[in-house]
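For A:10-113, the entry in TrEMBL reads domain 'Cyclic nucleotide-binding'. Look at TrEMBL and you will find A:144-218 tagged as domain 'HTH crp-type'.
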There are 2 protein chains.
Amino acid sequence: MDALIRRLSFYSDLDDADRADLATLRGTIRNFRAHSEIITAGQEMDAVLVMREGWAARFKTLEDGRRQILNILLPGDIFDLQVLVAAEADHSVVTVTDGSLYAVAPAAVRKMLAGSGPLTMAFWWTQVQEEAFLREQIVRNGRQTAQERIGHLLLELHRRAQIVDQASADAMPLPLTQTQIADTLGLTPIHTNRVLRRLVRAGLIEMNRQWIRFLAPDRLAEMCDFDPGYFHLDAFRMRLARR
Amino acid sequence: MDALIRRLSFYSDLDDADRADLATLRGTIRNFRAHSEIITAGQEMDAVLVMREGWAARFKTLEDGRRQILNILLPGDIFDLQVLVAAEADHSVVTVTDGSLYAVAPAAVRKMLAGSGPLTMAFWWTQVQEEAFLREQIVRNGRQTAQERIGHLLLELHRRAQIVDQASADAMPLPLTQTQIADTLGLTPIHTNRVLRRLVRAGLIEMNRQWIRFLAPDRLAEMCDFDPGYFHLDAFRMRLARR
DNA sequence: CGGCGAGTTGAAGAGCTTCAAGCCTGGTGG
DNA sequence: CCACCAGGCTTGAAGCTCTTCAACTCGCCG
């Protein structure tokens, strides 16, 4: 549960008792291969799933096959806390890479959420953050140009990867295909490709099939109006300090 | 707290004790006029706000003034449950009409959430639903045409208004301006206008500045691939029955 | 070595935006 | 009481971003 501990610790200083509580939540580990559909919309859920290793993507498809990725899931991300109250999934999840996840019994999670300690608050936090990612996704796809969207998404993923120790200061693994990026940003793969090439030619990024390097992160951030305030990282630490 | 009770009751059968608990949550009533900014991004939050009467809209603006509405708030909607863990708002809220809201102390809400009764579950539910609305908004704006987006949004609002008794079977008050609809759907007001007129000419809807009537709801729903499954209404009732 | 998935590039076309102008309605003040 | 003004709605015309259709390349795995 390394990525999860790492992520929760980012918000809340967990002591040994908290870590022990977290251990009891662990549940079973399930491995998965790339491109497998872990959850299918309409399916009845029976466990809370937590990403352990690898990347995945929430998505919905329209009748005629158009696909929209809602959010990318990184290690440490929790999906379907909604299983606690909802019977069926309203969207699907597909894996991007090989990896593994924890499947936790809803009852254990519900018990943990009834508490009020640092662990509970940290969990709440991941949910608040997840919602902020969705909101940012709406702004990006609703009001930004293709170039801005791509830059913004890449910077968000980089920051999120850093939080769980999966990225260096100016580079990270990027296992997404250009089609997946396009489906995230409401674009066609063709246009996504053209814009990515343009960013490379402009000397802003460098990339291959598995990695991306940010050559001028500040210029990129300014170009696409990226302000990581919605991560609420500082705010939370301030609040902790205040208690 | 009529709309809130109405909404929570839709998911969970609240008995008198639950209603009494809810009453203690009531907090203070604040009135507002149309077009006032209730919450400004970056502002520190001190209360959980619940819509009582009137409509509002969450939104974010980019540096250069482009505006994106994230979600429309109807009576019974709860905003900023995130105040429980986050210090500052990451988006703004502006009112659409005159109205009023409840301001509830975070401590009271936190206590309520630590429970596990029908009231707590119903609150969780509103949050799950809210997240589903955000996801649907992403699909709409990412992969649907202007005409589909508009039809889909109108049908969603109608369904939500019905839940809190603010709409009849085929009509509802619609206080949004075309510019606000455009800002919700990532379109220009000009194009929004053109498409709305087209829907009217096609005999699908009838509207004026304050009202909309659905003349052929089924045809409209089919045209824009509207499936209210993401409201999770049935799923929840099933789960309740199962306990 | 053959084939498949992913990436790349070109050319034509559609949907939506931008710029521009006029209209309608409700509220305000002389 | 009515003229005026502002905000919202409506319509036209031109233009740009992104899409669609098409073809070709590259790298990898069987």
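Cβ atoms are placed via backbone N, Cα and C, with glycine included.
Confidence across the domain 'HTH crp-type' (A:144-218), taken as the mean pLDDT and rounded to a whole number, stands at 97.
Across the range of the domain 'Cyclic nucleotide-binding' (A:10-113), the DSSP-based residue counts are 23 helix, 41 strand, 40 coil. Under DSSP, residues within the domain 'HTH crp-type' (A:144-218) fall into helix, strand and coil as 41 helix, 10 strand, 24 coil.
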